[in-house]
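First up is the structure itself, then whatever we jot down about it.
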Amino acid sequence: MTTMVNVDTLPEYEKSQIKRALELGTVMTVFSARKSTPERRTVQMIMETRQVAWSKTADKIEGFLDIMEIKEIRPGKNSKDFERAKAVRHKADCCFTIFYGTQFVLSTLSLATDSKEDAVKWLSGLKILHQEAMNASTPTMIESWLRKQIYSVDQTRRNSISLRELKTILPLVNFKVSGIKFLKDKLVEIGAQKDELSFEQFHLFYKKLMFEQQKSILDEFKKDSSVFILGNTDRPDASAVYLQDFQRFLLHEQQELWAQDLNKVRERMTKFIDDTMRETAEPFLFVDEFLTYLFSRENSIWDEKYDAVDMQDMNNPLSHYWISSSHNTYLTGDQLRSESSTEAYIRCLRAGCRCIELDCWDGPDGKPIIYHGWTRTTKIKFDDVVQAIRDHAFVTSSFPVILSIEEHCSVEQQRHMAKVFKEVLGDLLLTKPTEASADQLPSPSQLREKIIIKHKKLGPRGDVDVNVEDKKDEHKTQGELYMWDSIDQKWTRHYCAIADAKLSFSDDIEQTVEEDPVQDTPPTELHFGEKWFHKKVESRTSAEKLLQEYCAETGAKDGTFLVRESETFPNDYTLSFWRSGRVQHCRIRSTMEGGVMKYYLTDNLTFNSIYALIQHYREAHLRCAEFELRLTDPVPNPNPHESKPWYYDRLSRGEAEDMLMRIPRDGAFLIRKREGTDSYAITFRARGKVKHCRINRDGRHFVLGTSAYFESLVELVSYYEKHALYRKMRLRYPVTPELLERYNMERDINSLYDVSRMYVDPSEINPSMPQRTVKALYDYKAKRSDELTFCRGALIHNVSKEPGGWWKGDYGTRIQQYFPSNYVEDISAGDAEEMEKQIIEDNPLGSLCRGILDLNTYNVVKAPQGKNQKAFVFILEPKKQGDPPVEFATDRVEELFEWFQSIREITWKIDTKENNMKYWERNQSIAIELSDLVVYCKPTSKTKDHLENPDFREIRSFVETKADSIVRQKPVDLLRYNQKGLTRVYPKGQRVDSSNYDPFRLWLCGSQMVALNFQTPDKYMQMNHALFSLNGRTGYVLQPESMRSEKYDPMPPESQRKILMTLTVKVLGARHLPKLGRSIACPFVEVEICGAEYDSNKFKTTVVNDNGLSPVWAPTQEKVTFEIYDPNLAFLRFLVYEEDMFSDPNFLAHATYPIKGIKSGFRSVPLKNGYSEDIELASLLVFCEMRPVLESEEELYSSCRQLRRRQEELNNQLFLYDTHQNLRGANRDALVKEFNVNENQLRLYQEKCNRRLREKRVSNSRFYS
């Protein structure tokens, strides 16, 4: 196998030679997961964009990957891509695989060179270039990004971009162009000629655009509190920041101690200077360069000292650490049908995870397999997993790895497991205690590069501690069934499970493998679906008008064309195209040859179809006596929707709603022409509700929302059939007369598919709770007489959500007055969602459940002859007269028998509990060879609820619900136990979607291994990633010393809590936010403190419309101050959302940090995607100030808290008096008086706190100046 050269020792000239070789390219064999046959391609490095590209021909790149996204370069034939092409023989030392991507499941590029020397060269070169890319300065990254934009529109890698291409690019990077005049004016400013920009001009255009959009942020440096005062900021070069000013800024505003060295300050400045003439002993930054620095990762909010490992912290007992832990590590997705993969183990281990789970089952040939038992998840070999663990366990972190074994294997296969552990892991496997007489766990340092087995262990007499209660429900009937769909008249596959005499089923499993065979389209019809085919255009003049309008808008490119049916000759067509500023027409003639229709423009060249003819002349020139020309851009047909079954030209809103209400399926839809306007509406069903969304016309485009542009309604529908339109709903069922007629025949089907019947309407449970209630996230002081003033935590009732970011509501004595919507959160919807969660809490399918059948209300019968082309069918016949039967089918007779017996036992009231117990009693044997490998992590179950007298050699595992119960009832006992013993907490079985629970309260009580689903990009996994970013991402973080104090209480009563710090945050702007779909983002930011319940708080900014490239909040956004009780155990979290066309928030990016690791000042917040992977150039700019609370100030903050609580009580009492007439009484005036007095007092307290902060900043700035 090829070994990688140590590139750090190579001299610079050798590195340059290697990079030059990669840039020239190498012909290699490319292995693909999607193609069974390897292909020869030229693979080369594009230095300007930092991308690896592969191509068949020089002018057409087939694919590329960003070098910054590379996670691993693996030598040899160590990927599945090579296994799929076993017939192709390549030496292992010529092969390697690049693993890359920003999701949990990585993409692969598997390559084979023709020589070992080439392989070594590429392995070394990629490592050199990856290091350079990861250390590149922000200006270098910007230049690379700009190159990518140019190359994305022209793969020839030319050094310029046209006005038309620029207009295309800007919406793709999240910026809405107001019109072509806006761009032309910008081109004049930068001196571009003839609507064409060189790369240097494109770079200048970018700099001017970003500066003009965000220059208002620099007003922050014109205030008295600033440590230096900026001059004119109207233009990028209007004023400058000089060396001494920059040093003062770094030292006193940013509190950067390294800035005491002027040489380091000078070096930092020169990275951001765009003109080498200014790289002198006294450099200066123009104001646009200073603004770029503020947004740069060099100015990050994260303190880099926490990227280093603190070896002094690694000598405590293992029980004193939080340990990064994974649940069901082998899965890449949900718990029902996702793929199991050894790569998932590798991904977790290389991400620093130190406790991984192996779910072991008996496999073929006497060798165990790993998968999620009784589900459709794929199976992987135990031996392969152990090999992967050995190879990757200590790449990222050298500290111990714990293997948590979920054992389901027979004794014989357990012996094989023990054999593989010993043979493969060798000296890495811990087989005896580090100290024979120790009374506590060893430290991570003592266990470096050791692998610990967590598994049941035989006692002195051969008995084993097995908790039968934990296992008794595990053997249940679950799996895939076909259900007969009476609407679509077909079988659909669902994941089903039986529990508590109920059969729960998931949504239908979309066919990904057994797709319907593609119907061959006759050659004469191939052109029907092409955008250039316009069918029968009214007249020649109409065709000319279409071409003229399109060319006027897009730049009049010769060869722009459309095809239409001939007005004069049957079976013939007309090709209309643009040449030299006018429209020309050619007749496409047809003729019969041997019974086959042929089409031609010239007699000597005929084609079998119109499609083939057009494709030919798009690649070859159309030659005439007067000219020769190649067809270029097609003019899209503006009205292809008129022939679609989902389109209705004359349909009112009410009629559309009536039609949709009769189709009880999410994803049912139609599009209708709106009356009296040149606009349309899409009416669809989602979450059981019928919704409408307007589609406007903008020139030839159709616009959904404000910035999702489509060439046609057909393109719009096609797009949203593949992508979510509303939340997770995609368009699936066109509402046609045939579908409505079929539904009328099956009118009772709603009783089965109306999923909302699973949930209880919140209004039925709590009718006294007013509708549309919101909760204040922060204090707000009215600035006008028609606005509300309220404190944090206030409940505002009867809210009217009006457009423009200002809502109306009732608070205290003020009725229907305005307040900013970003200061509140909607708790009505939150309560409903929480209720829904509680109702599905015990459902075996959890949130994936789409329906429940109560088996006590059905009789089960077999269909001996099968039904609807399925041989193995059983039917649930309702006991209630008039209800519809439900038909199920299986693929095998054995499955039919198992499901039939399970349901019949329930319907016959057979108690199977005793049988299950016996099943598990027969299966609790442990192989002594495997038992002997267990040293420190012996699970205990029988007495695990008793937390006294912990044994450091044991580990106690709790499902999240049990752990939550312990935390609520005896948090101190759990904390004391964890000071000596180990606990592991794992998600409940109902989390079949692989969602995660909140780990914070468990961390607070000292639980070391809080196992989460690493493959799920949710809030709690992001918090986990933030916690373990400490201590050099080793996977071990030492718990605060205060947690080991006898006086420490993880859940102290309110009287014992003290505010230790205030954190002031102001969101100023953002750059390069990611783009989700067709629409340009309308972003807003949520700032949240995550911690114990008393430390949790959040705040939202306003929404910026149609700008995800350079949004600004600085002029309107106020500073927000959070009170922190425990800075060691709290997180600062920035969430960036976009508000979609339905006013729903959609996640864009996040940044989550332990508060102890953040820095003060004007700081860049580099943004990450859901998987906590960096997003190129995406960042927020925030002002952040941390300030310890003095003892003299604690009384002031305590008074504020007490007043806020009292105001909440008074507000709710006043609301009852206002809404329930019979409750009015004499006490109301007293309540109003107390409410108003408290409100004034609270405002005075808050102003006093803010004044102290301002005085401190101003005095500091004067001192520094």
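Glycine is no exception: its Cβ is also placed from the backbone N, Cα and C atoms.
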If Swiss-Prot marks one of Tyr919, Tyr1020, Tyr1197 as phosphotyrosine, which residue does it mark?
Tyr1197
Looking only at the domain 'SH3' (769-829), what are its DSSP counts of helix, strand and coil residues?
6 helix, 28 strand, 27 coil
One stretch in 20-131, 532-635, 769-829 has more Cβ pairs under 8 Å to the domain 'PI-PLC X-box' (312-456) than the rest, namely 20-131
Neighbour count (Cβ, 10 Å) for His372 (active site):
22
If you measure between the CA atoms of His327 (active site) and His372 (active site) and round to the nearest Å, you get 11
When DSSP states are grouped into helix, strand and coil, how many residues of the domain 'C2' (1038-1169) land in each?
16 helix, 59 strand, 57 coil
Composition by DSSP (helix, strand, coil) of residues within the domain 'PH' (20-131):
31 helix, 46 strand, 35 coil
